[in-house]
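> Dumping the structure here so I can ask a few things about it.
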Amino acid sequence: MPANEDAPQPGEHGSACEVSVSFEDVTVDFSREEWQQLDSTQRRLYQDVMLENYSHLLSVGFEVPKPEVIFKLEQGEGPWTLEGEAPHQSCSDGKFGIKPSQRRISGKSTFHSEMEGEDTRDDSLYSILEELWQDAEQIKRCQEKHNKLLSRTTFLNKKILNTEWDYEYKDFGKFVHPSPNLILSQKRPHKRDSFGKSFKHNLDLHIHNKSNAAKNLDKTIGHGQVFTQNSSYSHHENTHTGVKFCERNQCGKVLSLKHSLSQNVKFPIGEKANTCTEFGKIFTQRSHFFAPQKIHTVEKPHELSKCVNVFTQKPLLSIYLRVHRDEKLYICTKCGKAFIQNSELIMHEKTHTREKPYKCNECGKSFFQVSSLLRHQTTHTGEKLFECSECGKGFSLNSALNIHQKIHTGERHHKCSECGKAFTQKSTLRMHQRIHTGERSYICTQCGQAFIQKAHLIAHQRIHTGEKPYECSDCGKSFPSKSQLQMHKRIHTGEKPYICTECGKAFTNRSNLNTHQKSHTGEKSYICAECGKAFTDRSNFNKHQTIHTGEKPYVCADCGRAFIQKSELITHQRIHTTEKPYKCPDCEKSFSKKPHLKVHQRIHTGEKPYICAECGKAFTDRSNFNKHQTIHTGDKPYKCSDCGKGFTQKSVLSMHRNIHT
């Protein structure tokens, strides 16, 4: 029967079996665990390839209801194919093919260009092969019910495979047209050399290959390859033909410009049956096996002269070329921001709509992306699957472990072009660069204060709300931010990780160390515009400026007295509460202020750090030292307003005033 007699015309719906078979030929499924192993770049590549494949099917007259996975990908979601879903159904139910759990790709994505490490899984090979055999029997039963399906399937396969594409390689300005002789599998019957059996139709070979995969795993064609799909077999045959597809005269590149429909890999997981004859290297994935084979033969996949990456599918090459050329074709209509991939644009647009469809069942918090929700949920479970081999610290995400390990290696790839400072993460570099640009994107709606980081804004807003969610397990004290809690805990542990290289003094936080180091360099970066006085740190500078403004924002609720600094108010309030939290370990005497405790402890140690240069007399505290120096200078700063007499000390002036009263 001619192939076109029973073939569906463009726009005509085929049977459910036909639709499912054809769509599976361009589908790759991942389980939740496998999807989590892919990085963000691999996921975006998967999304773009799947969407492009679907559009190509529509362009050749293949009309079906939009699959659920396409709906998800258009929304920027990932394909969550869970094990145990999509059970076997009859042909009449519209299911014809392999369960997603049987079409899983072992390890990383098949379209990734570089060969990854081998993926070791605990899946039982024999149970998978048994299920594959059952699938073959199911397909045979469907075939007996629908004799016309074979010719329709053959027609559709030919139509897809013979679709010609014009590929423009912009680096050289040439159009490359694939030869019609490329489709070698359509010019002769599909044949298995190791069995000597020929088949008339693609589907017969598909069934036969799957059946014999369970029986003859170790039997080979040319070098140990077993196929479960006829398109995979045809693809493999081309590696032995030595055909040069389309050669570029100007650059000498040889490109196999095939259609962009990705191949559905169906190979038993965990079995190392793909062996390269050139190097003897064993691969667990077909895609990894084909990549080196194409390099050994005269056939070459798409290559880039600018880098070493190799791609076996054109859509991946197109996306990668955009990265090299910095082409951003997808533009946001709201803000004008441009993106290389459509999936990135879809994800970005949710920031304008404020749509957060993914909600945590534990706390009700919502997220833009599924990946963000999954990352958040680990905070509730406390699960930390990834452990650092150096220090044993655990992490809930592999990406967080990779970032952490750079602390041990000292690796800092991201360098600031302005000041040369290097960072372990690109996001940290971007945050740092806002210091140079002055950009403060995060603004408080209550007081208008702007911040460089969103985390700083969130911590600041808790000043207005009074929220202190982080509580110390040792003393019960609460803090508005996690970093403040971690810093506070060092009081209990005595940890001082930041050490001065000049004098060896240790500090609980980096900012105190930075301030201290300026005492060695003499640097005073903050200068008062009113009086010209300079300060080593911003906090003291801000405190000083309130002297000129007269502002005293901190008021005591008991007596109404106002103070410039919050710390002064806290110290003052201890007069009303009689609280003395600072206790001497030697004599158990208590003090309301920490500086008073330090001065007191010098009585026990005998330390007198303040020495008079005139007479050599030493003092335990600065105030007594300053009083003593007025004897040598003759300075009497405290004067009586009634008689004008001057005194060296304020206490003596107070005693003198009693004469006038």
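Each residue, glycine too, has its Cβ placed from N, Cα and C.
These figures come from a predicted structure and were not determined experimentally.
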> With respect to Swiss-Prot, which of the residues Lys158, Lys253, Lys266 bears the note SUMO2 cross-link?
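Annotation hit in Swiss-Prot: Lys266.
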> Kindly point out the range from 107-129, 130-152, 268-290, 498-520 that Swiss-Prot annotates with zinc finger.
498-520
> According to Swiss-Prot, which of these ranges is zinc finger: 184-206, 230-252, 414-436?
414-436
> If I go by Swiss-Prot, the feature zinc finger sits on one of 296-318, 526-548. Which?
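Of 296-318, 526-548, Swiss-Prot gives zinc finger for 526-548.
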> Would you please say which range out of 35-57, 610-632 has the annotation zinc finger in Swiss-Prot?
610-632
> Mind checking which residues of the chain, 6+ beyond the ends of the zinc finger (470-492), have their Cβ under 8 Å from one of its Cβ atoms?
455, 459, 462-463, 508-509
> By Cβ distance under 8 Å, which residues at least 6 away from the ends of the zinc finger (442-464) in the same chain are close to it?
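Residues 431, 434-435, 480-481, 484.
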> What are the DSSP helix, strand and coil residue counts for the zinc finger (526-548)?
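With helix first, then strand, then coil, the zinc finger (526-548) has 11 helix, 4 strand, 8 coil.
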> Is the zinc finger (498-520) close to the zinc finger (386-408), in the sense of at least 3 CB pairs under 8 angstroms with a sequence gap of 6 or more?
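The answer is no, given that the two segments have fewer than 3 Cβ pairs within the 8 Å cut-off.
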> Count the residues of the zinc finger (610-632) that DSSP assigns to helix (H, G, I), to strand (E, B) and to coil, and report the three numbers in that order.
11 helix, 4 strand, 8 coil
> Other than its close neighbours in sequence, what residues sit by the zinc finger (526-548), given a CB gap under 8 Å and a spacing of at least six beyond its ends?
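For the zinc finger (526-548), the nonlocal Cβ contacts are 511, 515, 518-519, 564-565.
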